[in-house]
Amino acid sequence: MNAPLASGRPDIQSADGIWHCCHLLPDADPDRAVRDAALVVEQGRIAWLGAEAELPADYRSLPRHDAGGTWMTPGLVDCHTHLVYGGQRADEFAMRLAGASYEEIARAGGGIVSSVRATRAADEDTLFSQAAARLAPLLAEGVTAIEIKSGYGLELEAERRQLRVARRLGEAFGVSVHTTFLGAHALPPEYAGRADDYIDLVCNTMLPALAEEGLVDAVDAFCESVGFSLAQTERVFEAAARHGLRVKLHAEQLSNLGGAALAARHHALSADHLEHLDEAGVEAMAAAGTVAVLLPGAYYFLRDTNLPPIALLRKHGVPIAISTDHNPGTSPVTSLLLMMNMACTLFRLTVPEALAGVTTHAARALGAPDRHGKLAVGRAADFVLWRVESPAELAYWFGRNPAAVVVRQGRIHPATSQHGGRA
């Protein structure tokens with residue numbers, strides 16, 4: 001049996017068998033690339049990979065999938081998104097073009113609080129259908145694992161709806177979803193002037209309930225002058241620790257409050273944004289093993305001019321991840337490949353750094369380096385076949401999706417198997 005690439009057969013679902021006639025990049029290290037390679041999938045997991053000429057005899061009778069000379073990489077990992085929310089905020093785009101700052105939009109009643117109103121008003125099915133439409137292009141581009149935050153409810157029931165929708169998306173689309181509780185995202189209107197009281201609600205009511213329901217994989221906060229203070233953020237981190245949950249942090253996006261160092265003290269999975277990060281913060285992250293998650297979409301959309309300290313991150317050996325930061329206000333982007341290009345062009349990352357940023361390092365930012373971001377025997381079959389001459393093209397093109405086939409959790413993504421990457 002030979003299952004050709006893009007065969008047009010809608011009944012192709014299982015990825016079990018031999019994937020051959022491909023070139024293999026098992027992780028982001030170009031020195032580990034294998035030309036004329038093969039990969040064997042059994043019961044949805046990788047059973048063998050290497051040069052096709054060395055394929056063990058025991059596997060040679062398995063069904064075959066002709067990869068057509070494509071490049072195979074691990075599935076991509078989008079490690080920072082706000083995918084579930086109500087409505088959109090195109091009106092704020094016009095305000096920003098007219099010169100309004102992030103802080104000015106927030107103080108005028110826009111920003112996060114605007115999305116809070118729309119999210120609170122939406123039922124679960126509405127949130128699901130809207131989020132599914134945003135997820136589709138990411139999946140078609142090869143995303144096989146994604147983090148989804150709450151943070152647009154800012155009350156227990158609305159936060160619960162967001163996290164339940166995130167779980168539903170994973171089940172419905174066969175994608176690995178890692179949920180993050182971001183109750184400390186902004187101050188809801190009913191708590192105006194009472195930030196400490198709201199943090200009480202986050203730590204003592206919302207987080208315990210949502211953790212008990214199994215809806216939370218990690219906990220995040222927005223540590224900024226328009227968000228929450230270091231002391232308030234630390235309270236959230238301490239509450240997370242009581243529930244055995246790892247933390248991450250929106251830090252040093254608009255100013256340097258020392259959030260990255262605080263995150264490192266709590267052994268955070270990641271500190272994200274980091275445009276105003278200083279060397280002390282970099283050193284703290286390096287010592288703690290905290291991943292730096294760069295979000296070039298927000299940098300571009302906000303027309304920022306303060307670059308993250310790439311040279312310092314390299315100097316101190318801090319792993320660098322890249323993500324879409326998909327959200328309605330500052331990064332309404334649904335292309336992780338575009339973020340790779342922007343990370344290279346705007347932040348001057350190398351192509352191998354960009355590839356690591358959406359595979360191995362992004363998996364580490366999720367606390368799942370043993371599950372995502374690398375092709376290895378025993379792992380779930382999450383991989384992408386790309387119609388490119390070299391993996392460098394993944395960061396080179398923008399406005400084009402070269403994905404030919406996406407396999408998630410051992411299943412062939414039907415849209416890409418039939419239509420060459422278009423959802």
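In case you wondered, yes, glycine gets a Cβ from its N, Cα and C as well.
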Binding-site annotation, Swiss-Prot, N-formimidoyl-L-glutamate: partner of Asn327, Gly329 in Tyr59, Tyr152: Tyr152
Listed in Swiss-Prot for the Fe(3+) site shared with His80, His82, His250, one of Asp16, Asp325, Asp370: Asp325
Swiss-Prot annotation, 4-imidazolone-5-propanoate site containing Arg89, Tyr152, His185, Gln253 - matching residue among Thr330, Thr334, Thr345: Thr330
Nearest of the binding-site residues (His82, His250, Asp325, Gly329) to Arg89 (4-imidazolone-5-propanoate binding site), judged by Cα-Cα distance: Gly329
Sequence-distant neighbours of His185 (4-imidazolone-5-propanoate binding site) in its chain (C-beta under 8 A, six or more apart): Ile112, Lys149, Ser150, Gly151, Tyr152, Leu154, Asp220, Ala221, Phe222, Gly227
From His82, His250, Gln253: binding-site residues whose CA lies within 10 A of Asn327 (N-formimidoyl-L-glutamate binding site): His82
Secondary structure at Asn327 (N-formimidoyl-L-glutamate binding site), reduced by DSSP to three states: strand
Local Cβ density at Asp325 (Zn(2+) binding site) - other Cβ atoms counted within 10 Å: 28
